[in-house]
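Worksheet for the structure shown next.
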Amino acid sequence: MSLQSLDITRRSATTTASPGQRQTTEVAKLIDVTKCIGCKACQVACMEWNDTRDDIGENHGVYDNPADLTANSWTVMRYAEVETDRGLEWLIRKDGCMHCAEPGCLKACPAPGAIVQYRNGIVDFQEGNCIGCGYCITGCPFNIPRLSKKDSKVYKCTLCSDRVAVGLEPACVKTCPTGAIVFGSKEDMIRHAEERIVDLKQRGYAKAGLYDPQGVGGTHVMYVLHHADRPEMYCGLPKDPAIGPLVGVWKGAAKPVASLALGMIAVGAFAHYVANGPNEVDEENEKEHKE
Amino acid sequence: MTNHWVDIKNANVIIVMGGNAAEAHPCGFKWVTEAKAHNQATLVVIDPRFTRSASVADLYAPVRTGTDIAFLGGVINYLLSKDRIQHEYVKSYTNASFLVAEGFTFEDGLFSGYDAGGRKYDRSTWAYQMGPDGYALVDETLQHPRCVFQLMKQHFSRYTPEAVSNICGTPRETFLKVCEIIATTSVPDRTLTFLYALGWTQHSTGSQIIRTAAMVQLLLGNIGMAGGGVNALRGHSNIQGLTDLGLLSDLLPGYLTLPREQETDFKAYLDKRSIKPLRPGQMSYWQNYPKFHVSLMKSWYGAAATKENNFCFDWLPKLDKVYDILQVFELMAQGQLNGYFCQGFNPLAAVPNKAKLVKALSKLKYLVVIDPLATETSCFWENHGEYHDVDSAKISTEVLRLPSTCFAEENGSLTNSGRWLQWHYQGARPPGEAKADTEIMAGIFLKIRELYRKEGGPFPDAIANLTWNYQIPAAPSPEELAMEYNGKALEDLTDPKDPTKVILKKGQQLDGFGQLKDDGSTACGCWIYSGAWTEKGNLMARRDNSDPSGLGNTLNWGFAWPANRRVLYNRASCDTTGKPWDPKRKLVYWDGAKWAGADVPDLKPDAAPADGMGPFIMQAEGVGRLFALDKMAEGPFPEHYEPFETPIDTNPLHPKVISNPAARVFRGDADEFGKGQQYPYAATTYRLTEHFHYWTKHTRLSSIMQPEQFVEIGEELAREKGIRGGDKVRVWSHRGSIKAVAVVTKRIRPLKVNGKTVHHVGIPIHWGFKGVARKGYLANVLTPFVGDANTQTPEFKSFLVNLEKA
């Protein structure tokens with residue numbers, strides 16, 4: 001359910017006009033990788049605020065834990081040991097949704113209103129409308145959304161749209177102990193990044209720069225990188241992300257075919273219901289309900 | 001910390017060594033980030049591993065674990081031989097000019113007075129030459145061959161860049177780069193701060209490592225300065241409070257000391273501690289010791305403490321030796337202790353050589369554990385398979401577990417590393433039957449007192465007469481205790497300058513320790529905390545962060561001991577005329593009549609600079625000690641000694657004296673040390689950001705972040721051993737063996753030491769057999785049972801292991 005129905009600018013698979021009642025400032029989260037110490041406080045804050053809990057996993061021979069984004073871990077720190085002309089560097093990047101101005105996920109999504117974009121730039125999943133097809137995962141140039149095995153819905157960082165809607169910063173920003181994550185208007189964040197880049201260049205990082213890739217229209221989560229010329233060193237941050245050609249095809253010629261396919265799925269689902277009856281409440285849900 | 005957390009932002013150079021501030025103190029590390037972002041500070045990290053701190057540093061220098069004195073000794077040699085010191089500061093504010101007694105020598109790794117049999121020194125030659133006037137002799141030209149400056153220069157001349165590189169494994173060029181960065185702060189308007197933690201303390205030479213850093217800072221003129229100092233980042237939110245309140249076996253609150261066995265005479269006890277000035281016009285503040293001590297005894301024993309009975313001095317225990325944690329477990333292992341109370345402490349995890357600890361705990365008749373969690377110690381008798389394989393049937397120790405609250409479930413104050421007392425409030429109600437520690441202690445005390453009252457016994461006085469005037473005797477409140485520490489007037493107190501003027505009425509809270517008396521008219525539970533809860537109320541609860549100077553000395557935020565002073569020795573931030581060395585960082589200054597400024601001056605407020613009172617008022621000389629007299633167990637100058645387990649099996653400086661000759665080694669433990677041939681790898685234990693000691697493995701979120709035990713090894717060693725990242729490895733020392741996942745990393749590089757390749761093995765400590773994280777081994781299965789010669793802090797940071805693919 002959308003908490004900010006008055007300022008949605010774009011909805012997935014919807015042809016009617018979006019509500020334009022309210023104008024809000026374009027926001028951005030700036031992650032200064034050069035100030036980040038990889039403490040994972042942001043991962044904890046994200047889970048606490050959103051009430052998600054991942055499994056207690058295993059150590060896979062690295063510091064990264066959980067090992068990857070999941071339907072419960074909407075942000076993870078990724079650690080890369082890289083040799084550069086400065087010697088060894090430990091590049092630590094907080095990974096998560098970039099909140100693209102031109103969101104590949106939204107464009108790929110066939111479920112009406114399952115993915116929305118607010119006027120402030122946040123791209124939000126409305127899981128109630130999600131059909132679990134996973135097209136958004138294919139459509140994302142950053143490989144971010146994750147399908148939940150529990151409910152077959154797709155989850156990712158909301159940029160704390162619920163907090164931002166009431167004038168608070170995202171939980172990860174609030175908790176970050178070194179001020180490596182900051183939040184504000186996109187304009188202010190770009191200015192803040194420029195100051196940081198001056199400092200980094202003085203320290204000998206000649207290629208320090210801002211990551212705000214134009215291939216996706218710019219993003220509402222941006223990075224300050226010491227080596228902006230080589231973003232792929234930061235655990236594969238794409239150099240020139242763009243929406244994949246398949247999404248383009250889907251939105252173009254193939255759309256009627258796909259719509260037909262969707263219709264078939266709906267018919268199939270109905271048939272399944274008639275044949276097998278409604279889903280049983282599983283034990284876990286029941287237990288939660290009692291609590 | 002001589003300074004405080006916020007003050008780090010004022011530094012020009014930040015050295016993180018003997019600690020990993022980004023990892024273990026991520027919140028305080030914000031001030032390092034701040035110094036870099038807004039003060040153009042340079043961050044240097046010196047560590048065996050390329051750490052999270054190193055990941056944001058301007059320069060990283062590798063160093064072999066346990067060789068910090070060699071590294072810092074090399075820095076001293078560099079500063080002295082290149083003449084990069086703050087001359088005026090060194091001359092006026094250190095004991096560089098003092099003449100040392102003729103008998104003092106240093107030869108082949110030993111100072112004068114060594115007793116090899118007792119592993120200790122007769123320290124009588126570690127002294128100044130004294131003049132007929134009773135004051136120490138000085139030579140202000142610093143040329144006299146027996147002056148501290150010349151002896152120091154000679155002592156450290158052996159620590160050449162080549163020698164440093166040979167011992168530490170630090171590449172010579174990298175070492176020199178670090179020296180050059182450090183040397184830039186010898187000018188008056190640049191400062192350097194040292195941030196350290198247990199990476200310095202947990203060595204058999206820990207205290208001397210810290211002293212070496214203090215010497216570097218004295219030579220650079222960085223003590224007492226904003227952005228300077230030697231700063232211990234404490235490993236627990238209130239561990240500073242623990243030492244302040246004297247919770248060590250030989251201390252009383254406020255760093256007063258318990259009498260020794262032979263100290264049965266009250267006057268002699270006080271005289272020994274009321275240290276007289278060693279130079280004319282010096283404050284030598286410990287002269288006030290009797291005021292602090294008598295007020296403490298009045299606080300404890302009230303009306304029962306009288307001048308006639310020496311304020312109950314006879315009731316104090318007299319120590320035959322220091323009962324540090326190693327000593328206590330040694331006694332326990334020998335079967336000489338029957339019972340053990342263990343409060344907020346998990347020794348099975350936190351004391352070295354687990355096998356010895358299990359043996360010791362099994363010999364107890366009873367063990368009482370007061371803790372919010374089911375700790376490993378409280379479950380030492382349970383069998384947990386490979387992780388903790390004991391035969392429960394053979395352990396007869398009775399274990400009593402008393403659940404206590406945790407910090408968030410009670411009001412109270414925490415004293416942080418920067419000596420700030422900050423009041424906090426209860427955030428949640430304690431679960432189940434958990435009670436506050438004070439309530440548990442009160443319950444035990446009241447029961448014991450009742451037994452003494454009923455049954456008498458040989459010595460009931462100290463218990464029966466203890467002051468216990470709490471509103472609810474079974475549950476003293478944190479507020480009442482805090483007021484007790486601050487102290488109060490027991491009679492009307494008058495102005496010393498005008499006896500007709502009453503400054504405090506009987507029963508009123510004291511304004512500070514300056515009002516304490518040695519005649520029994522004041523009571524004070526901890527003199528350094530006096531001023532925290534005055535008639536103005538609870539100053540620890542103040543939350544005004546206004547900062548008029550911009551230096552971060554928020555004098556109306558909380559309360560900092562002593563006397564709300566934020567930077568210790570701040571008088572030294574001015575030259576001898578009272579003018580700040582750096583006009584941009586004006587902590588205090590002489591305004592012509594008194595000391596004024598952004599901090600509470602660390603000097604008699606009206607001591608005119610012309611009178612020459614030195615800035616180090618706690619020292620009898622009034623100056624900082626480059627030569628430590630008889631205060632340190634292993635010598636007045638720091639010397640590099642190898643860890644008790646050294647991968648090179650020698651000391652390149654003096655092969656006959658390899659490890660700390662004054663460190664205490666119990667008989668059985670010496671046989672348990674391993675040699676380099678069998679155990680070739682230098683191991684070190686440490687914390688990770690994701691966890692706090694052995695607590696957070698009990699919480700799900702922290703366990704998600706770091707679920708499973710691992711060890712870190714370099715790529716070269718992994719290749720040699722055929723180990724890949726994610727493989728299980730077995731790591732063993734002469735004392736035991738653990739298994740863990742291997743993290744194979746570029747961040748640990750082999751070092752070239754004394755012609756040999758030395759690999760490090762990094763061992764995070766957070767796992768055990770209780771909690772919700774994956775079960776693991778207590779890392780102290782591996783560590784050696786030996787400590788620093790002065791503090792007995794165990795050598796967790798340097799020992800030897802072997803390793804193979806499991």
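Cβ from N, Cα, C; glycine included.
The feature [4Fe-4S] cluster 1 binding site is assigned by TrEMBL to A:Cys36, A:Cys39, A:Cys42, A:Cys176. Counting only same-chain residues six or more apart in sequence, the Cβ atoms lying under 8 angstroms from the Cβ of A:Cys176 ([4Fe-4S] cluster 1 binding site) belong to A:Ala41, A:Cys42. Secondary structure at A:Cys176 ([4Fe-4S] cluster 1 binding site), taken from DSSP and collapsed to helix, strand or coil, is coil.
Annotated [4Fe-4S] cluster 2 binding site per TrEMBL: A:Cys46, A:Cys157, A:Cys160, A:Cys172, in sequence order. Listed in sequence order, A:Trp49, A:Leu168, A:Glu169, A:Pro170, A:Ala171, A:Cys172 are the same-chain residues six or more apart from A:Cys160 ([4Fe-4S] cluster 2 binding site) with CB atoms under 8 A from its CB. Under DSSP, A:Cys160 ([4Fe-4S] cluster 2 binding site) is assigned to coil, being neither helix nor strand in the three-state scheme.
Summarising the annotation, TrEMBL assigns [4Fe-4S] cluster 3 binding site to A:Cys97, A:Cys100, A:Cys105, A:Cys140. Sequence-distant neighbours of A:Cys140 ([4Fe-4S] cluster 3 binding site) (same chain, six or more apart, CB under 8 Å from its CB) are A:Gly104, A:Cys105, A:Ala108, listed in sequence order.
Annotation source TrEMBL lists [4Fe-4S] cluster 4 binding site at A:Cys109, A:Cys130, A:Cys133, A:Cys136. Sequence-distant contacts of A:Cys133 ([4Fe-4S] cluster 4 binding site), defined as residues of its own chain at least six apart whose C-beta falls under 8 angstroms from its C-beta, comprise A:Pro110, A:Ala111.
Long-range contacts of the domain '4Fe-4S ferredoxin-type' (A:27-46) within the same chain, counting only residues at least 6 positions beyond its ends with a Cβ under 8 Å from a Cβ of the stretch, are 52, 63, 65, 73-77, 79, 90-94, 99, 120-122, 157, 159, 164, 170-186, 189-190, 192-193, 196, 200, 205, 208, 219-226, 234. For A:27-46 (among others), the entry in TrEMBL reads domain '4Fe-4S ferredoxin-type'.
For the domain '4Fe-4S ferredoxin-type' (A:88-120), the model gives a mean pLDDT of 97. Residues or ranges marked as domain '4Fe-4S ferredoxin-type' in TrEMBL: A:88-120 (among others).
Look at TrEMBL and you will find A:121-150 (among others) tagged as domain '4Fe-4S ferredoxin-type'. DSSP places the residues of the domain '4Fe-4S ferredoxin-type' (A:121-150) in helix, strand and coil in these numbers: 8 helix, 5 strand, 17 coil.
Annotation comment: TrEMBL describes A:1-22 as region 'Disordered'. Cβ atoms under 8 Å from those of the region 'Disordered' (A:1-22) belong to residues 103, 106-107, 109-120, 124, 126, 128, 161-162, 165 of the same chain, restricted to positions at least 6 beyond its ends.
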A:Cys100 ([4Fe-4S] cluster 3 binding site): tally of other CB atoms within 10 A of its CB: 27
By Cα-Cα distance, the member of binding-site residues A:Cys39, A:Cys46, A:Cys100 nearest A:Cys136 ([4Fe-4S] cluster 4 binding site): A:Cys100
Spatial separation of A:Cys46 ([4Fe-4S] cluster 2 binding site) from A:Cys100 ([4Fe-4S] cluster 3 binding site) - C-alpha basis, Å: 20
Binding-site residues, contacting chain B; criterion Cβ under 8 Å; candidates A:Cys39, A:Cys42, A:Cys100, A:Cys160, A:Cys172: A:Cys39
Fewest other Cβ within 10 angstroms of its own Cβ, chosen from the binding-site residues A:Cys109, A:Cys172: A:Cys172
Residues from the same chain, set at least six apart from the ends of the domain '4Fe-4S ferredoxin-type' (A:88-120), whose C-beta lies under 8 A from its own: 2, 4, 7-14, 22-27, 29, 31, 33, 36-38, 42, 69, 74-82, 126-127, 129-131, 133, 135-142, 144-145, 156-157, 159, 161, 164, 172, 181, 216-221, 223, 226-227, 233-235, 237, 243-244, 247, 250-251, 258-259, 262
Counts by DSSP class (helix H/G/I, strand E/B, coil) across the region 'Disordered' (A:1-22): 3 helix, 4 strand, 15 coil
Protein Cβ atoms within 10 Å of A:Cys42 ([4Fe-4S] cluster 1 binding site), excluding its own: 26
Candidates A:Cys46, A:Cys109, A:Cys130, A:Cys157 (binding-site residues) - the one closest to A:Cys97 ([4Fe-4S] cluster 3 binding site) by CA: A:Cys157
Among A:Cys39, A:Cys105, A:Cys130, which are binding-site residues, the residue with the most C-beta atoms within 10 angstroms of its C-beta: A:Cys105
A:Cys36 ([4Fe-4S] cluster 1 binding site) to A:Cys46 ([4Fe-4S] cluster 2 binding site) - Cα separation in whole Å: 16
Nearest of the binding-site residues (A:Cys39, A:Cys109, A:Cys130) to A:Cys46 ([4Fe-4S] cluster 2 binding site), judged by Cα-Cα distance: A:Cys39
